[in-house]
Amino acid sequence: MARFSLVVVVTLSLAISMFPDTTTAQLKTNFYGNSCPNVEQIVKKVVQEKIKQTFVTIPATLRLFFHDCFVNGCDASVMIQSTPTNKAEKDHPDNISLAGDGFDVVIKAKKALDAIPSCKNKVSCADILALATRDVVVAAKGPSYAVELGRFDGLVSTAASVNGNLPGPNNKVTELNKLFAKNKLTQEDMIALSAAHTLGFAHCGKVFNRIYNFNLTHAVDPTLNKAYAKELQLACPKTVDPRIAINMDPTTPRQFDNIYFKNLQQGKGLFTSDQVLFTDGRSKPTVNDWAKNSVAFNKAFVTAMTKLGRVGVKTRRNGNIRRDCGAFN
């Protein structure tokens, strides 16, 4: 009996090793090498044209990719429009603030690709978003990297599926680590991806608690740089519309760089979830390292983005190539 059990275990082990994770195995940088060989150049051109219209395209696209991948995987389900019978992901409260320019650049790139007969209905919206995300990072002077392709578009998008799957502005390191671990991402990946906050903006309503009503002892979060706290109070007075936008990075808001970590060292992290990366002993060494070593940070960011792009990838069995990125076929 023991010998039989051993044979079964060995057989199963061999079977598992012979059939790796198909969702990862299907991804490759030249996935469209035969069907649409110029896909990267076409998407890049659209991205560049869109950025000329508005800088918001850069942070909007980067944030859209993250929000998509963290809810049911990188399958462009965040792009689906709600219908009378289905409230989609994009209409969940956590996604309402996603800027339209991120959606628009994907839609425009899809249109440009479909205008080429050999590419028409061949490239998934999920892959377009992944490519556009790399291109906006590069446009902001961030690192370039090869994008793995071969994702299929998701067949489901519900607002309910967003619940509890996206990090919040008040999360602590333990909460962040658990959330990222669900997607096979490490603490180092979490810190690297958090640095996407070197770009873009947030809304005043997300920081009111840190600058006016932190706790019973302190009105202002004591981990906030005092001068920075006053700047935030001027930008976000108590009576201001909570939707008013403020820069995530007060120093270089239009450039992808490691200044994000230097800001944390000075108490200038906008969200609690940013500043805790420096105040928590588990993550502080990494923050200090990347604050002085941009090469190490860029390398870690590329690794994290590649791993993020593999989360929940759909195959031909549970996905398709959407004709309209905002609607199911």
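Just so you know, glycine gets a Cβ as well, placed from its N, Cα and C.
Here Swiss-Prot flags 1-25 as signal peptide.
According to Swiss-Prot, the feature disulfide bond maps to C36-C119 (among others), an assignment based on sequence analysis. Neighbour list (C119 (disulfide bond), Cβ cut-off 8 Å, at least 6 residues apart, same chain): Y32, S35, C36, N38, V39, I42, L113.
Here Swiss-Prot flags R63 as site 'Transition state stabilizer'. Secondary structure at R63 (site 'Transition state stabilizer'), as computed by DSSP, is helix. Sequence-distant neighbours of R63 (site 'Transition state stabilizer') (same chain, 6+ residues apart, CB-CB distance under 8 A): L98, A99, G102, A196, G200.
Residues or ranges marked as active site, proton acceptor by Swiss-Prot: H67. Counting only same-chain residues at least 6 apart in sequence, those with a Cβ under 8 Å from the Cβ of H67 (active site, proton acceptor) are V78, E89, D94, N95, L98, L166.
The Ca(2+) 1 binding site annotation in Swiss-Prot covers D68, V71, G73, D75, S77. In this view, D68 (Ca(2+) 1 binding site) is surrounded by 32 other Cβ atoms within 10 Å of its Cβ, with every protein chain counted.
With a cut-off of 8 Å between CB atoms and residues at least 6 apart in sequence, the same chain places N183, L308, G309, V311, G312 near C69 (disulfide bond), listed in sequence order. The disulfide bond annotation in Swiss-Prot covers C69-C74 (among others).
DSSP assigns C125 (disulfide bond) to a helix. Marked as disulfide bond by Swiss-Prot: C125-C325 (among others).
Secondary structure from DSSP puts P167 (substrate binding site) in coil. Residues within less than 8 Å, Cβ to Cβ, of P167 (substrate binding site) and separated from it by at least 6 positions along the same chain comprise F70, E175, L176, L179, F180, S273. Annotation comment: Swiss-Prot describes P167 as substrate binding site, evidence class sequence analysis.
Following the DSSP three-state reduction, the secondary structure of H197 (heme b binding site) is helix. Swiss-Prot lists H197 with the feature heme b binding site.
Swiss-Prot lists T198, D249, T252, D257 with the feature Ca(2+) 2 binding site. Residue environment of D249 (Ca(2+) 2 binding site) contains 25 other Cβ atoms, counted within 10 Å of its Cβ in all protein chains.
Under the heading disulfide bond, Swiss-Prot lists C204-C236 (among others), citing sequence analysis as support. When other Cβ atoms within 10 Å of the Cβ of C204 (disulfide bond) are tallied across all protein chains shown, the result is 19. Secondary structure at C204 (disulfide bond), as computed by DSSP, is helix.
Here Swiss-Prot flags N215 as N-linked glycosylation site. Cβ neighbours of N215 (N-linked glycosylation site) (same chain, under 8 Å, six or more residues apart in sequence): none.
Least packed by the Cβ count within 10 Å, out of the recorded positions V71, C74, C325, is C325.
Listed in sequence order, the recorded positions from C125, C204, C236, D249, T252, C325 having a Cα within 10 Å of the Cα of S77 (Ca(2+) 1 binding site) are C125, C325. Sitting within 8 Å of the Cβ centre of D68, V71, G73, D75, S77, and not among those site residues for Ca(2+) 1, are the Cβ atoms of C69, F70, N72, C74, A76, V78, E89, A126, G154, S157, G312. The C-beta environment of D75 (Ca(2+) 1 binding site), restricted to residues of the same chain at least 6 apart in sequence and closer than 8 Å, consists of D68, A126, R151, F152, D153, G154, G312, V313, K314, G319. Report note: the Ca(2+) 2 site is defined by T198, D249, T252, D257, and the residues of the same chain whose CB lies within 8 Å of the CB centroid of those residues, excluding them, are L199, T251, P253, R254, Q255, F256, N258, I259, Y260, N263. Shown are the disulfide-bonded residues C36, C125, C236; the one with the most C-beta atoms within 10 angstroms of its own C-beta is C125.
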